[in-house]
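**Student:** So TrEMBL says this about it:
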- Glu457: active site, proton acceptor (ACT_SITE)
- Thr171, Gly210: FAD binding site (BINDING)
- 50-165: domain 'Acyl-coenzyme A oxidase N-terminal' (DOMAIN)
- 167-269: domain 'Acyl-CoA oxidase/dehydrogenase middle' (DOMAIN)
- 311-472: domain 'Acyl-CoA oxidase C-alpha1' (DOMAIN)
- 513-689: domain 'Acyl-CoA oxidase C-terminal' (DOMAIN)
Amino acid sequence: MGDEGHYRSFFLLKKDWNFLLGLREIGRGGLGTMEEVDHLAHERSKAQFDVDAMKVVWAGSKHALDVSDRMARLVASDPIFRKDNRTMLGRKELFKNTLRKAAHAWKRVHELRLTEEEASMLRLFLDEPSYVDLHWGMFVPAIKGQGTDEQQKKWLPLAYKMQIIGCYAQTELGHGSNVQGLETTATFDPKSDEFIIHSPTLTSSKWWPGGLGKVSTHAVVYARLITDGKDHGINGFIVQLRSLDDHSPLPGIIIGDIGTKFGNGAYNTMDNGVLRFDHVRIPRNQMLMRVSQVTREGKYLQSDVPRQLLYGTMVYVRQTIVSDASKALSRAVCIAVRYSAVRRQFGSQDGGPETQVIDYKTQQSRLFPLLASAYAFRFVGEWLKWLYADVTQRLQANDFSTLPEAHACTAGLKSLTTSATADGIEECRKLCGGHGYLCSSGLPELFAVYVPACTYEGDNVVLLLQVARFLMKTVSQLGSGKQPVGATAYMGKAQHLMQCKCDVRGAEDWLKPSIILEAFEARAVRLAVNCAQNISKAASPEEGFSELSADLLEAAVAHCQLIIVSKFIEKVQQDVPGHGVKEQLQILCNIYAISVLHKHVGDFLATGCITPKQASLANDQLRSLYSQIRPNAVVLVDAFNYTDHYLGSVLGRSDGNVYPNLYEEAWKDPLNDSVVPDGYHEYIQPVLKQKFRVSRL
């Protein structure tokens, strides 16, 4: 039979298979067509709470839910925003497709006269990393945070209209986390009233900025400010990179893409770039001068605005990263929960149905803490948003008192939530068994897109060490009369927390917020104080800090987990409308707290916060909580209100109709364009026919 015959047979096979599947659905009492069968209807019928009310809680408000719902549906209904073929495209085709989507999104923003909030939501549901992320997320905030009023008036209107496209060029080939070690120089030339931007070494090449490789016309470039031979440290400069007429690089600019990155599709939609400067001249007024200035004569001046103001932009970016963590983790959890309810394995008796995977305790113990974490990160993200607004208000009134704490909170929570989310997405992939490894599951690409968050805007380990320094400073001030405030207020009770005994006698005692909070506070204080005491024994504080860095990481993690637990408890203690909603949030809150305690039980036992018996009771209570959340698991992920388009997963389909669609998806792969593969005659046939030339060495 020739290729055409094989091809016809293949389509007949597909047709027959689909027909048989359709018959099977009718036999099960289905509606006769695969698409109309809701395999999760039974799960949803068991819900013990008002899912629409929970959607409002998740979104933050009725208004936020309405906006996100409209924008999600707008994206899902537009064929140009299709993404199911993304993992099959080559890099050039993939990148051009991303440019097309970004341009179409901008066109829709104008045509529909979307508000800034709506446009931001549209970009979110577009779900494709691109140059616009850095333009709006880094370039614009940098100018707003570090530019003078005059600079903002000049540059922001151009950026808002996208008449210029910007990126954020800080990281270099040789330095990332150590910003003070950046090598790019900006030397002032008083004769021409210009700065000369230069890359003196290979390692000073800017490396990684998103949007830089092929798209950005401008960048906020961070370089060493040098006047009259003196190095004044790192400052930001607005530098034009490409011609606004033909997009070619300007003289002295060497620029390109750094290459393919981890994963199919994923972050390869982004043109992460490399940039070198060969004595590029820019006007003096393109130095961002809100914090420090250089006069016409070349004199370096600090402005009246404190340098800490620069942290404001950093706090803003990191609090958005925490919010993004809850979105990414909730997507993975939604896929894993729905598929776990659809998938059946083992346990059938007398030919009856097999057991739903979600009913196995091993599945619940891995999956439900991740579900609880998604909600926990959502609520701590809400709190960080409030904290940023509060800090901004104080900064405008020249009150910098809460800035160090806000910096420590956002640094620590960025680190904790991104690490937990990256690990959680991968765990969700494993929870979906072999099918989770397919790109059509949506999980491999979600992981590949998300995992850079553990590194960008601060390496997670480095950030935790910054939190540890803040904690050591706070501990050193105990007893000095300066009372800790905000997220470290619990340290004011250090004397009590160092000695208190956990008051758990039965498993149900672990449901009391006061007991949970005290256990987490005691653990955090004891780990921090132990580190401080050990550092004091070292030859120098720096030597002690270096020697104890692994212990300090644990202390920082304990502090951040306490913040998340306390903010979840605060959320649950508020007035939460909707039938059964508060009860479900209470269960999720307890699952999050006790599962963290279970995972880090060594800390709690080693510091004497709880006894082995109390740890065992916590485990008993956790099993009970899993049983309570089980009937509501599917509806709790429905509350995320994600469209099938946004989820991008056959396994996580809202109708649970997984298998026929997995089957359909397989045939879309380019390898299936022909029945006999390219290369058969050259490489397969000679092997099968044993047609080899015998050669003598």
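From the backbone N, Cα and C atoms, a Cβ is placed for every residue, glycine too.
Note that the structure is predicted; figures quoted are calculated from it, not measured.
Locate each feature and note its surroundings.
**Tutor:** Counting only same-chain residues at least 6 apart in sequence, those with a Cβ under 8 Å from the Cβ of Glu457 (active site, proton acceptor) are Met314, Val317, Arg318, Ile321, Lys414.
Around Thr171 (FAD binding site), the same-chain residues at least 6 positions away in sequence with a Cβ under 8 Å from its Cβ are Lys206, Trp207, Trp208, Pro209.
If you average pLDDT over the domain 'Acyl-coenzyme A oxidase N-terminal' (50-165) in this model, you get 96.
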**Student:** Which chain-mates of Gly210 (FAD binding site) that are at least 6 residues away have a CB under 8 A from its CB, listed by sequence?
**Tutor:** Pro129, Tyr131, Asp133, Leu134, Cys167, Met270, Asp271, Asn272, Gly273
